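Undergrad: The structure under discussion is supplied below as structure tokens; questions concerning it will follow.
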């Protein structure tokens, strides 16, 4: 007994694992066995262990969950979602679950979650029977009546016992208590049920014994074995000669399961030869027939018709075995028995059944899946079945609805509905699907079932603004809390996923948080102002609005930029910033001698507004009734309209209004107190102005301070640079005595090569040559200082007279003629060039008559020549005309004077070759290029015949540097084919030449003669000796930039220039050899020449001549003029 109980409580579990070959979705078929009546909660299996090999193929096996798709509403088994543990959820009674079916099992499916990697496991749990039921009889006392004349072997069917168990636990055998007259035989029906028949084994004798009580026992073979019993009470009746008899002892009938109720199954016919009551037969079911048979069939007691009382079902009961008896009505009647076996024939009478197992609890016809799930996401599990057999039970399943879903068969008649595409709820939120199951019977039967798939929303859409940038305008001076605008973002998601909340992202404007300027309603996106906006403070506010949904687990956001432009209003009056005001009043001083148009002051005003609101205009509204002042409305400049000398008043009060052009216009009035002051009172006025300027703002003071600092630094830099240059020049000072005394001890220097970069000539075309006095003073400890100063003054007067001579000659140069004179050329050489070009016919003096006046100025200053000086090479050699110039060199002026200078003044009326093309129109309209450009001789290849080299060396200038470029010393002059002209042949043309003089030359010489004949020669005792050059003056003479372009001089001038400037000094500091040193320069030139103005023109010179005539200076003849010019040139040459 102990072993039997242990077996009942032992959980026998085993699994039959079948690897799926249909699709990856179907993982395995799992089969387990358990005994019925197990304790609730008993564990049957753990899927996480049994299907571990399948789970390992998934991306995240540790996160897999299990869900059971139960069939029916009775959850006998429970599946744990975490580990797939299968346990008993309720007491399982196999007899109740499967009745007498030999195979009893519970089938369900388990899927894995999430469904993106769905795996389907088919679970079958077979319930095993235990012997928990004993066989039982329907009656505890079974009465049986037998005639004493019954023959041996007569069989009487007995009531069957019922045992709900199956197999060995079901009814196995019957037994009858021991006796000598009766025995039993156990027989099996077509349905497998066992029954017993009572058999007469000996003849009966009623007189001996009229009744028997025997115990009928039914037992099984279970462990432990169980049994049930009933009492047979057998009565022996008197003999009845004849008993009814059936034609056959048994019948087999085929019954279609779809046969209607009332169908006649069998017409029983029993016969009895007796007559009367003994021959009348009554039909009935045997006493041991089960109630189920009595409910399904019906027998007519008189006619013996067996009819169908209840429709049969092949799928429930495939056959029936009925015991029928016939008995007459006579006394001691003995019934006759007949067995009828009814076999139910299957027909296609059952439509396929569709069972859709959805994951949505509570709603069988709606399946929920999430949008965005991948393809092959699980939707539903479909199981179809047909109770029919054969072709009638074979089913074809189809899915109708939408291409986004598909039907996939797993095993037997089980199908999966999976997604065939990624779904988007925002496009379509619901799908209606139809499952059709159709069998293969004839005619075919089908079943249709509908269900709905609803798409659950996920937070897959961020809020969306219509624009990425919103621009709005708002006027300044708004009220706090004023509504500005609304920005809205839409979110197509549902619920909290589509609930949008608005915020302004943190930013700063002028150091303040944006949240102090504007705010936004988080629910609807309405933007409001938090403060009064000022266009002058902030003209534009830019901030970012963020829209955030309420989705989970992650909220989605989007941004948009909002730009608020603050429109300017005319809310600021003009503010006057100059002149300085005190109590809105400014004091302005005007000098007494101010003429009309004198600039009195300028009113400077600003307006913090913008656009037309800041456009200002000024006007005098009071105090100017006599129009003494005028004001420019745009610049606000105030000028005098009349001369202040003619105004009787000394003080005015002008009311000036400054207004903008806004709407409405705003203005500011200022009062200007204008006062006339004398020059003597300028100091007081300046003091008053200083007091008024004290009210300048801080920024102006800072600017003035910075300017003063910069000025001080600049002065320091200039002083430092000057000192450095002076120290540098200490070693470069030249003393003629020292140089000449030491020069003879030095070896002879080689001739310096002439470079093209050294030749620097700047033409003056109708230009101005400035004339300014240049006073030099150099402190010296030499005993000859006083004489040097006297010589310097005399040199100055001589230079000025000579410059005047150049100015007179230059005035007669035609305007279309390029006069090749440079500022760097000494006055002596300029005169020589003019005379040489005049002699060679390279230009003709412009006629001096009133009808052809040109407004031209020729300025020439001897001191300005020093700016272009190329002297001071560091060796002591200097340029002509300078105080340290070496007088030992030959000058072409000496040659000029010695070889017939007086020939220049021969005016015999001869016309030079260069004037042959002139016409009478030249006197009225001026000379043309054809007049002043005669055929010239071929230029010489010798650069010394065509170029003028001012000095041997070019000092380096700060602005430009001219690198030395060597020229060949042995350059041979080309044969010009024409005899060179020199000062020895000046004015001496061949007899075949035309006359060289003309009226223009006579006019020039006449004017020169008129000037010099009125000069009185002064007396000068001695010439001053050479003195040391002042270093500071030498520095000033070198300030000017060197000309950048070299121009060749005429052939004749270049010849003596080149021959003179490359001679080495050989004499002491006395007059040059070959000069008329005994002739004293006449100083009666000097006062006359000093009266010639700097801006010399023809009319000016005429005035000088008239002035000289009025002074009654005595006249000089031509020869005296020549002598005076000779003295002048020698004086300048020596100085």
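Placed from the backbone N, Cα and C atoms, the Cβ positions cover glycine too.
Given the structure is predicted, the values throughout are model-derived calculations rather than measurements.
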Undergrad: Looking at 641, 816, which is the one Swiss-Prot tags with N-linked glycosylation site?
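TA: Checked Swiss-Prot: the N-linked glycosylation site annotation sits on 641.
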Undergrad: Out of 583, 766, which one does Swiss-Prot list as N-linked glycosylation site?
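TA: Among 583, 766, the one Swiss-Prot marks as N-linked glycosylation site is 583.
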Undergrad: Where does Swiss-Prot put N-linked glycosylation site, among 269, 477?
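TA: With Swiss-Prot as the source, N-linked glycosylation site is noted for 269.
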Undergrad: Of the listed stretches 28-137, 361-465, 582-688, which one has the most C-beta pairs under 8 A with the domain 'Cadherin 3' (247-354)?
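TA: Most contacts with the domain 'Cadherin 3' (247-354): 361-465.
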Undergrad: Taking every residue in the domain 'Cadherin 6' (582-688), what is their average pLDDT?
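TA: The average pLDDT of the model in the domain 'Cadherin 6' (582-688) works out to 87.
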Undergrad: Could you break down the residues of the domain 'Cadherin 4' (361-465) into DSSP helix, strand and coil, giving a count for each?
TA: 4 helix, 55 strand, 46 coil
